[in-house]
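Listed in TrEMBL for this protein:
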type	residues	note
TRANSMEM	A:6-28	transmembrane segment
TRANSMEM	A:75-97	transmembrane segment
TRANSMEM	A:117-136	transmembrane segment
TRANSMEM	A:157-175	transmembrane segment
TRANSMEM	A:187-207	transmembrane segment
TRANSMEM	A:244-261	transmembrane segment
TRANSMEM	A:273-294	transmembrane segment
TRANSMEM	A:306-327	transmembrane segment
Amino acid sequence: MTDPLWMVGIKAFLVVFGLLTAFAYMTLIERRLLARFQVRWGPNRVGPMGLLQPLADAIKSILKEDIVPTKADKVVFVLAPVIAITFALVGFGLIPFGPKGAFFGFDPWVINLDVGILYLFAVSEMAVYGIFLAGWASNSKYSLLGSLRSSAALISYELALGMSLLAPVMLVGSLNLQDIVEWQDKHVWLILPMFPAFVLFTIASMAEAARTPFDLPEAEQELVGGYSTEYASIKWALFQMAEYVHLITASALIPTIYLGGWKMPGFIPDIPYLWMFLKIALFLFFFIWIRATWFRLRYDQLMRFGWGRLFPAALVWFLVVAFYVALNGGKA
Amino acid sequence: MTASPGSEYLAVLVYIAVALAIGILAVVVGAALGPKKPGRAKLMPYESGNDPAGEVKRFPVHFYAVAMLFIIFDVEVAFLWPYAVSAGSLGIAGFVGLLIFTVLLFVGFVYEWWKGVMRWR
């Protein structure tokens, strides 16, 4: 039994708005945390504890002049940020936050596909289109080079991402995220048997969300602003939004697959939503921490690391797990 | 394995439609609000104050190479997904088949690595 379509629409709306609010406050929390890491206060003037800062930023970026450069390809230039944000938003709805009916009698997810993980990959490949089209349509050297570099890095790490997910899928025997959470509840959190895959997946998803140490697209000192150089106003904000939504999705996906999702082991009660939100917060904190303390890779190092280390390592781990599963005949 | 009825895929369409509507709405609102005083200098591409010197016509062939390798190995991963889901029931024979397939592709990978496609100069 699935939810009626009108309910799906409402939930999709709630998830999208939740993600946009989360993005806004994520920027604030990131600035505040980075500041704390560097022993200073972050933005604390606009509203109590700076809580109205995201609102002020949003109003500013909406009221700014919306510039479309003369040399840009007008249609694609406008379309690219829409593509970027749309395909960033449609991944998150798969994540289960509780058991069936935990959302006022409805299901605590927007969509529940048997091929959930493949869907996530398809959606995140689409994000590359947004970036590449933005760089191409801007018709500026910096944008084009920035977008080429970003999309080449994204597809390279996409490969390692897919490779590292094969191993846990093999153990569970399903691509459905609910099944993966159930399996972990019955057996053991996948982080224990699948620790190498967990590490590879986390590194690759950091690169997917263009976070430090892989945040070359926004290496201000190198390529101005990467693919979004020519963008202003809300269109620029949409790219930022897409990037943060990717980060939030990654931070939700890692605990879903490797840390038992919304369930906790043993005597700890399974509270829908709460554990999941805490685990997401944990990973977001971790990513901000990395950003505050790590240097950035050079572009050639980035590509060599992705292809030469991450991808073969994921392949080897996949074969090891495949051998184990083949010997045990799927009894795990 | 839970069965996904077709209505789940209608739900995906609804979800995508909602996300797309929000994206379009944001762009429309952004375009409607704000000052509109375009000028020649303002609409020029960014070049640190200089007049833009020509358009970008060519870029390094590395990017093509990376894209081609990505297609090849993504096809490999696409072949590995079905194996991963049904690994338990395929047994040792399935594993040997998998091993032959991945080793073949890995030879290609080693060749590419040895040829230095990933050596950015």
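Quick reminder: no glycine exception, Cβ is built from N, Cα and C everywhere.
Remember, TrEMBL labels are computer predictions, not curated facts.
Remember, it's a predicted structure, so these values are computed and weren't measured experimentally.
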Rank A:75-97, A:117-136, A:157-175, A:273-294, A:306-327 by Cβ pairs under 8 Å to the transmembrane segment (A:244-261) and hand me the top one.
A:273-294
Hey, which of A:6-28, A:75-97, A:157-175, A:187-207 has the most Cβ-Cβ pairs under 8 Å against the transmembrane segment (A:117-136)?
A:75-97
Where else in the chain does the transmembrane segment (A:157-175) make close Cβ contacts, counting only residues six or more beyond its ends and a cut-off under 8 Å?
114-118, 121, 124-125, 128, 183, 190, 193-194, 197, 200-201, 203-205, 207-208, 214, 257-258, 306, 310-311, 314-315, 317-318, 320-322, 325, 330, 332
